[in-house]
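Record features, source Swiss-Prot:
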type	residues	note
TRANSMEM	107-127	transmembrane segment
TRANSMEM	137-157	transmembrane segment
TRANSMEM	179-199	transmembrane segment
TRANSMEM	206-226	transmembrane segment
TRANSMEM	241-261	transmembrane segment
TRANSMEM	313-333	transmembrane segment
BINDING	419-538	nucleoside 3',5'-cyclic phosphate binding site
REPEAT	728-757	repeat 'ANK 6'
REGION	826-854	region 'Disordered'
DOMAIN	859-935	domain 'KHA'
Amino acid sequence: MARWGAARMAACGPWGRNRRVGAGDAFEASEVRRDGRSRMMPACGPWGAGHGGGDPALERELSRDGSHYSISSAILPSLGARSNRRIKLRRFIISPYDRRYRIWETFLIVLVVYSAWVSPFEFGFIPKPTGALATADNVVNAFFAVDIILTFFVAYLDKMSYMLEDDPKKIAWRYSTTWLVLDVASTIPSEFARRILPSKLRSYGFFNMLRLWRLRRVSSLFSRLEKDRHFNYFWVRCAKLICVTLFAVHCAACFYYLLADRYPVPTSTWIGNYMADFHERSLWIRYVTSVYWSITTLTTVGYGDLHAENTREMIFNIFYMLFNLGLTAYLIGNMTNLVVHGTSRTRNYRDTIQAATSFGVRNQLPPRLQDQMISHISLKYRTDSEGLQQQEILDSLPKAIKSSISQYLFFHLVQNVYLFQGVSNDLIFQLVSEMKAEYFPPREDVILQNEAPTDFYILVSGSVELVEQQNGADQVIQVATSGEVVGEIGVLCYRPQLFTVRTRSLCQLLRLNRTAFLSIVQSNVGDGTIIMNNLIQFLKEQKENSVMAGVVKEIESMLARGNLDLPITLCFAVTRGDDFLLHQLLKRGMDPNESDNDGHTALHIAASKGNEQCVRLLLEYGADPNARDSEGKVPLWEALCEKHAAVVQLLVEGGADLSSGDTGLYACIAVEESDTELLNDIIHYGGDVNRARRDGTTALHRAVCDGNVQMAELLLEHGADIDKQDGNGWTPRALAEQQGHDDIQLLFRSRKAATASGHHHVPSSTTTRVAPAAAAASLIGRFNSEPMMKNMIHEDADLPSRVLPEKLRRKRVTFQNSLFGVISSSQAQRETDHPLSRGGLAATGSPNPSSGSRNAVIRVTISCPEKGNTAGKLVLLPQTLDMLLELGAKKFDFAPTKVLTVEGAEVDEVELIRDGDHLVLVSDEWDAEKMKGKS
């Protein structure tokens with residue numbers, strides 16, 4: 001027991017007897033769930049008192065059924081609360097926000113309603129306790145007696161420090177000095193009260209009136225219900241007002257009858273004058289009559305059939321009617337406020353409509369503009385009245401919740417927009433978080449032709465038409481529907497909007513600000529390149545529109561001339577199938593063997609797409625026809641897979657040899673697809689059928705596993721080895737026996753017998769290999785070059801723009817503020833900030849760090865003081881320090897081992913060397929002090 005008690009104390013925490021739960025601690029002890037609710041962390045004690053870790057089943061139950069009061073009523077942390085521990089209340093101390101304690105309080109409120117009705121009734125109509133009613137009173141009193149005891153164990157909120165006080169002594173002292181006396185007095189049984197009171201005060205209900213003290217619980221209940229989102233505020237307020245009215249009528253009726261019942265002359269009372277034998281009448285008739293007079297007095301109707309007959313009743317009526325004045329004012333004020341609040345939106349809408357109409361008439365606006373004004377105001381009222389104030393709601397939420405909502409609603413829609421095809425999910429998530437949903441009524445202008453490009457829109461629902469003004473008349477150029485984007489050309493190219501965008505029906509649009517968009521793209525240059533490619537491709541498809549054709553012509557002209565310092569790669573040009581741009585890039589000295597992160601070169605992409613002109617250009621500029629990617633694939637294999645015969649011929653003439661790639665992989669793929677034509681092509685262009693994959697599996701292994709007799713026979717005809725083992729030691733012959741392929745076993749036996757008798761000649765796979773036609777040509781090794789287009793000055797650099805018609809022509813747009821200019825500036829800034837890590841961007845926009853030679857020409861001076869050479873020699877910096885030491889050995893006929901600066905610091909990395917540095921090559925025996933002395 002001692003050990004168990006120690007464990008319990010450890011679980012409750014070593015915080016001492018006067019420990020109090022802070023506001024920040026209490027808030028951290030409640031975990032807010034996604035459904036807007038929270039659950040209290042287990043506290044010590046039987047009411048959610050865990051033993052340190054807590055019961056998982058209990059936690060799940062609390063999590064599922066936790067009340068929203070934990071958020072609306074729980075303690076909020078003070079600013080800068082530093083406590084990060086989960087404080088637990090003391091043993092046997094109950095949190096006032098515990099779910100089960102809330103249930104207990106709700107149950108007591110039901111008993112309070114009973115007490116509120118029965119206490120005045122017993123006081124006015126019942127002379128002494130009788131049977132069932134007395135028993136029910138005692139049962140109710142017993143429950144409230146339990147609550148008195150329980151209150152001594154409920155923590156309270158200190159109003160000064162806003163901390164939960166869980167010290168039992170302080171809890172007891174606070175309760176004893178506040179409400180304990182009234183709670184005990186209202187719980188005393190009526191029988192006991194009659195015995196202790198004087199004879200003149202031994203009325204059955206006199207002491208019971210103290211139970212009305214419990215009504216304070218009902219007031220707190222209505223306060224909570226008014227804040228509860230699950231209950232309608234209007235009906236909660238109405239229910240509260242009705243309860244107040246009924247309680248006032250009930251109490252007044254009981255007091256009216258009490259005055260008549262206790263008056264010495266029964267006939268001189270309000271009820272005796274109307275009903276002389278009222279004592280003989282049933283309790284129900286007497287109660288209904290009393291309520292009738294009470295409610296007629298409350299409503300000031302006053303039929304005159306019942307009225308005060310003596311002084312006592314007159315005095316009571318005076319105070320009752322004064323009370324009625326205040327109650328009536330309270331009721332009318334509350335109901336007026338509720339009704340006015342419900343109609344305020346309609347009143348504001350009518351006022352706004354009237355003001356807009358007057359404005360249009362006063363300023364003689366065209367009818368179309370007036371209709372647009374009225375439609376917009378009407379739509380705004382409709383969205384507000386139907387609870388669609390989406391932007392106001394989103395703006396009131398934290399950024400994380402707002403982003404999650406936007407992603408859930410619009411992510412898939414934005415992902416399918418042509419402009420963002422192929423970009424990363426991170427970019428789409430950032431864009432969606434910045435978008436704002438808006439509603440537009442039919443026939444409203446969203447974008448005006450020639451206005452400044454500030455926003456572009458994505459259609460969520462509805463349709464819009466693109467209108468161009470020609471000869472003073474509007475002509476519909478195109479109709480856009482859900483999932484399409486409008487206004488993007490003006491925003492991305494930073495030019496006046498080309499068209500007027502007008503809604504055809506009720507539309508929901510996503511608006512994205514140009515500044516926010518370019519800010520996001522500037523930090524995602526690779527994705528910006530993809531967006532640029534998608535835009536150009538879209539514009540090229542709009543050949544029928546002269547305006548769009550002019551835009552794409554100007555963009556491509558600037559790209560080809562190199563006027564934009566953009567991260568354009570050969571892969572980018574080949575992916576678009578733009579042989580003109582590819583030729584311009586190659587003429588400017590870009591490496592034809594540059595690759596992306598997967599090792600794909602431009603020749604790989606051109607071969608797979610079957611673009612003969614791009615393949616021819618790349619081969620002419622020295623692209624390696626046998627370049628391998630990370631999977632061992634070569635361009636010739638890409639062309640064979642796609643059945644591009646002309647490209648295959650070009651590659652073979654350029655020296656392509658399939659054996660440079662992973663022919664084992666190729667043969668296995670052909671067998672898996674059961675493609676005899678592809679397998680014959682592999683063998684014809686230099687593939688070895690006996691070559692294994694990385695796991696040791698050959699094509700014959702694959703054919704046996706698939707039970708493909710046709711492919712196995714074809715492989716055997718070209719020299720496949722039936723006894724070659726894979727990585728696990730299995731041969732094709734053993735696999736055929738193990739898997740029970742009788743046809744293949746028979747084929748193997750017949751082939752072996754024919755080979756042994758010498759009657760069958762097995763052709764070697766090398767006998768059919770095609771000799772390269774251009775093997776003598778020297779090929780440049782493939783490396784990851786920097787795909788950067790240099791700025792070059794041309795005579796035609798200032799050609800006028802031919803995009804807009806003559807009558808709409810503006811001054812020439814420099815594109816510095818367009819998407820292209822932003823990407824260009826961002827790329828240049830990155831190179832300035834990181835000169836040692838310059839790299840290209842592949843067609844997908846992913847960074848491709850340079851793994852080849854240094855692109856910048858760096859000249860350094862090297863000297864060897866040990867050989868008496870201090871003047872030095874000017875040389876180009878090699879790629880590595882080892883190569884630099886080898887160069888020094890050749891220049892000075894000396895074997896240096898270290899590279900030092902003139903100050904004597906040793907150089908460990910070649911990237912630390914800058915253009916113009918003076919380097920000293922020395923051996924391990926060299927004394928740095930000698931160099932300092934000489935210097």
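Our numbering is plain: 1 for the first residue shown, then up by one each step along the chain.
From the backbone N, Cα and C atoms, a Cβ is placed for every residue, glycine too.
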Counted with DSSP (H/G/I as helix, E/B as strand, rest coil), the repeat 'ANK 6' (728-757) has 24 helix, 0 strand, 6 coil
Between the binding-site residues Leu419, Val464, Leu509, the one whose Cβ has the fewest other Cβ atoms within 10 Å is Leu419
Using DSSP three-state counts, the residues of the domain 'KHA' (859-935) come to 25 helix, 24 strand, 28 coil
Per the Cβ under 8 Å criterion, with at least 6 residues separating them from its ends, the transmembrane segment (107-127) contacts 133, 136-137, 140, 143-144, 147, 190, 203-206, 208-209, 211-212, 214-215, 217-218, 221, 247, 250-251, 253-258, 261, 283, 286-287, 290
So Tyr494 (nucleoside 3',5'-cyclic phosphate binding site), by the Cβ count within 10 Å over all chains shown, scores 20
Same chain, |i - j| six or more, Cβ under 8 Å of Asn524 (nucleoside 3',5'-cyclic phosphate binding site); the result in sequence order is Val423, Ser424, Asp426, Leu427, Gln430
CB contacts under 8 angstroms to Glu434 (nucleoside 3',5'-cyclic phosphate binding site), restricted to the same chain and 6+ apart in sequence, sorted by sequence, are Leu512, Asn513, Ala516, Phe517, Ile520
Cβ neighbour count (10 Å, all chains) around Val479 (nucleoside 3',5'-cyclic phosphate binding site) is 11
Note: in the chain of Gln449 (nucleoside 3',5'-cyclic phosphate binding site), residues six or more apart in sequence with C-beta under 8 angstroms of its C-beta are Val467, Glu468, Gln469, Pro496, Gln497, Leu498, Phe499, Thr500
Beyond a gap of at least 6 residues from its ends, the CB atoms lying under 8 Å from the transmembrane segment (241-261) belong to 116-117, 120-121, 123-125, 218, 269-272, 278-279, 286-287, 290-291, 293-295, 297-298, 312-313, 316, 320, 323, 327, 330-331, 334-335
Within the same chain, the residues 6 or more beyond the ends of the transmembrane segment (137-157) and with Cβ under 8 Å of it are 21, 45, 75, 89, 92-96, 101, 104, 107-108, 111, 114-115, 118, 122, 129, 163-166, 168, 171-172, 174-175, 180, 183-184, 186-190, 208, 214
